[in-house]
Amino acid sequence: MTSFSTSAFRPVAFSLGLLLVMPAAFPAPVTLGEDSKEVAAPNRQLLTSTERIDKHIWYILDGISALRKEICNKSNMCESSKEALAENNLNLPKMAEKDGCFQSGFNEETCLLKITTGLLEFEVYLEYLQNRFESSKEQAGAVQMSTKGLIQSLQRKAKNLSAIATPDPATNASLLTKLQAQDQWLQGVTTHLILRSFKEFLQCSLRALRQM
């Protein structure tokens, strides 16, 4: 299995609590002690929930960009034709008109459910990436853990948590096994497609969340 170095993306030691109160100086990390001091500063304006989520998504996007850069530098996947990439039959989450996230027909609650559900569906693919970046698991793990924190933030905004569909663990386990059994070339294509699709999903989510 080919591994990719991700030295360009320096990992941070995440805890879910820290992720949910990420400071304004993004993406530079701070310790919990430093964060407490900044919040206590007399002239410091606290970030709203929407602003924290906005910065949280940008942080993940920065990590994805660094990982994609490493892949593009070490393989020709980024230059492969769309036809070749399309041969990989992945069912990656994506936005559609019915999801209520586009300007036309925007629906806040429907869109929020789609974003949260989509991120939950991406988790199995992010787990797959942990095995693709064996020499630098911490870097890929930073994106994975930060995404978990983002999901929790969005779940707190949802009015109807029961409407958020959770992927079946057995189905995810089967999918992960199938992805890991691909030949080396297909695994490279899969890695590229996951990062590209996740980036596009987050960008669309970012635009929609700014309207909420």
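All positions are counted from 1 along the displayed chain.
Just so it is clear, glycine is given a Cβ too, placed from its N, Cα and C backbone atoms.
Disulfide annotation in Swiss-Prot: Cys101 is bonded to Cys111, selected among Cys78, Cys111. Following the DSSP three-state reduction, the secondary structure of Asn73 (N-linked glycosylation site) is helix.
Sequence-distant contacts of Cys101 (disulfide bond), defined as residues of its own chain at least six apart whose C-beta falls under 8 angstroms from its C-beta, comprise Met95, Cys111, Lys114, Ile115, Cys204, Ser205, Arg207, Ala208. Look at Asn172 (N-linked glycosylation site): DSSP puts it in a helix.
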